[in-house]
Amino acid sequence: MSTFVNDTVEDAIKTPELDQPFEALGLKDDEYARIKEILGRRPTDAELTVYSVMWSEHCSYKSSKVHLRYFGETTTEEMASKILAGIGENAGVVDIGDGNAVTFRVESHNHPSFVEPHQGAATGIGGIVRDIMAMGARPIAVMDQLRFGALDNPDTQRVLPGVVDGISHYGNCLGLPNIGGETVFDDSYAGNPLVNALCVGTLKVEDLKLAFASGTGNKVILFGSRTGLDGIGGVSVLGSASFEEGEERKLPAVQVGDPFAEKVLIECCLELYKAGVVVGIQDLGGGGLACATSELAAAGDGGMRVNLDNVPLRAENMSAAEILASESQERMCAVVTPENVERFLEICAKWDVTCAEIGEVTDEKDRYVVVHNGEVVIDAPPSTIDEGPVYNRPVARPENQDELQLEGEIARPVDVEDIKAAWLKLVASPALASRAFITEQYDRYVRGNTVQAKNANAGVLRIDEETNRGVAISADASGRYTKLEPNTGAQLALAEAYRNVVSTGARPVAVTNCLNFGSPENAGVMWQFKEAVHGLADGSKLLGIPVSGGNVSFYNQTGDEPILPTPVVGVLGVLDNVEQSIGNVLPSEDNDLYLLGETFDEFGGSIWQQVSGAGLNGLPPVVDLLNEQRLADLFVGSDLFAASHDLSEGGLGQTLAELAIHADKGMDVDLSQIHPSLFTSLFAESASRIVVATNRGEELEKRAAELGVPVFKLGRTNDSAVIAVKGADVEFNISVEELREAWTNTLPEAFGHAVGANAVVG
């Protein structure tokens, strides 16, 4: 038993005027006053801890709720019918037919990854995997979305190698393939990198599990790793003498992950589900046991009583506040009927997973009682803990937005040598260069069900070995576009992820997101956020695919300067037969090349604008989601295409270069019909475009015309190892080997000798 002296509910009643460090825990004056009003007294130390954790921006979404409701308002009945579990659950779950369901979610672990890159990123993977486990699913793959400062920034040199190592270590040890992602470099992320992790899992429809505690007398069981002192510095639980006896205890603010413990926990959970001994389940992530138990209680039909004396600990003399707020990894919390407790414990013992009965569901509706050292340290309504405050913060379009949207001058090469130099500069730029330095550290094919991953438009996975049914997943974002016009920027991210999935032949069925923004106390940031949410919600409605869930990460800034607003959008698609999915590697035999979609002189927020040294300005490309739907109608179920590659950053030039490099093929292309300007044809970033390879051109042209998809014949592939380009009045050749050398060397040269990589911020 702990020797820590508790601040009990009885003490709180006797000492109403005791000063408490609520500000150090992130609570505002009015929030502290509201807690006292709810309880009818001052909170105990443990209650103050729980409310501060659960009312944090991370757990409560207090600044974003008013805007996130728009997702629900724009979801039609038809869209909702596809979702088995949606916004508010640990992850979205989609019914894909034949009794199968897929669950997926993306979440941020930004600030921990800056402080301690390896563990921050590793536990980001661990946390999102447990979200998927908590839905009753087997995790089958991960993806990542990474943002760093400039390539030569010392912080980037320190953080990136550690982040990549953390992701690869944890994911590889779990045996989960990393099937895709995106890495972006921009000055705005210096000092505040973004580490967003996505996980996808599969389950049978009838095996779906939800996070709620119901059934009076049912037991609450904590299982997994023991609870320690790691991961609680971030919520400032021990920021004052009121919460700590002595200063010798040094607490890591970043959680420490054990992927092998999580691997065992996955198998243990799946056997528990199969045995039918789980009523409700919740993973322990941000907010730890405080979050898991109070959320279970709030979602249930009764109350809950928790005894912290039964929690397996790995540190001595832990206070109630420490036990509740600890974010030790690899832990789950389940609700189990009394008759199934013995079987539950047997299964945990089989897998050598530590477990303990720590509480029970009571018949006292909306009452959450926590006991430590035999004393009551929390007695509060769980609904008030879980719901948190709701803020409608000021929203104001930034004063400089009009000026930002004015189109500035950019260099526009005309002669052959300048165009070739521009092309090589683009493919070698940090924005577009090969990510093999990163992705080769990930195992993409473990488990044997990865169909597409390396250099693919979208990750493609087989989920049913008998039918070859599978899914395609892509996640995309553009902070540059979103900075210029947040509504359009979010829709462009949605359009690109949708198009990536479509280009494999998959039918898009659902959306997830992770919205990374600056401080919500900045009215300009809140305007960006609101506009992005509306753009994403309206776009999803137009495409007819529901937003199944998401995550919000605020306070991403260095000093007063926020990051580029970065709404990461993930799209899930379904393939009836993954063996018929369309890849993006040109076949060895020669094929005709076609460009689908129109090209306009659109360079606002483009990579050429960035690489050429022009400031970020102008308007992003126009997005017409009906054009994306037309492309979907052309691709889904079609056997016309030998290969496909969507166009996005870097435009047609980047796509042609990657196609040639990956297949070691040459090509003759005539761009005179694409746009009068060869420069625009190559480097503009207009949306709704895909390059395809086919030898059934007449059929393609006919079908595209029927659907209203603009189609332009570019030329044909060959074995020359040269891209021969023809414009309206310009012709030139560029060597594939020259492009390859430019494309492949940038990241290895930058990080081959990264000094201080993965150093911890003190």
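Cβ from N, Cα, C; glycine included.
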Starting from the substrate binding annotation in Swiss-Prot that includes S108, H109, N110, H111, Q255, E327, S328, Q329, S553, which of R130, R305 is the extra site residue? R130
Can you pick which of N513, N516, N522, N584 Swiss-Prot lists for the same ATP site as Y61, R105, G550? N513
From binding-site residues Y61, D283, N551, the one whose Cα lies nearest N110 (substrate binding site): N551
Other same-chain residues whose Cβ falls within 8 Å of the Cβ centroid of Y61, R105, N513, G550, the recorded ATP site, in sequence order: L68, I87, V106, E107, T512, C514, L515, G549, N551, V552
Secondary structure of E327 (substrate binding site) (DSSP, helix/strand/coil): coil
R130 (substrate binding site) versus recorded positions R105, H109, D283, G550 - nearest by Cα: D283
Over all pairs within S108, H109, N110, H111, R130, Q255, E327, S328, Q329, S553, the annotated substrate binders, what is the largest Cα to Cα distance, rounded to whole Å? 21
Which of the binding-site residues listed here (E107, D131, Q329) have a Cα atom within 10 Å of the Cα of G550 (ATP binding site)? E107
Mind giving me a neighbour count for H58 (active site)? Other Cβ atoms within 10 Å of its Cβ, every protein chain shown. 23
The correct three-state DSSP answer for N110 (substrate binding site) is helix
Checking the contact step here: among the recorded positions H58, Y61, Q329, N513, which have a Cα within 10 Å of the Cα of E107 (Mg(2+) 1 binding site)? N513
Which state, by DSSP, holds Y61 (ATP binding site): helix, strand or coil? coil
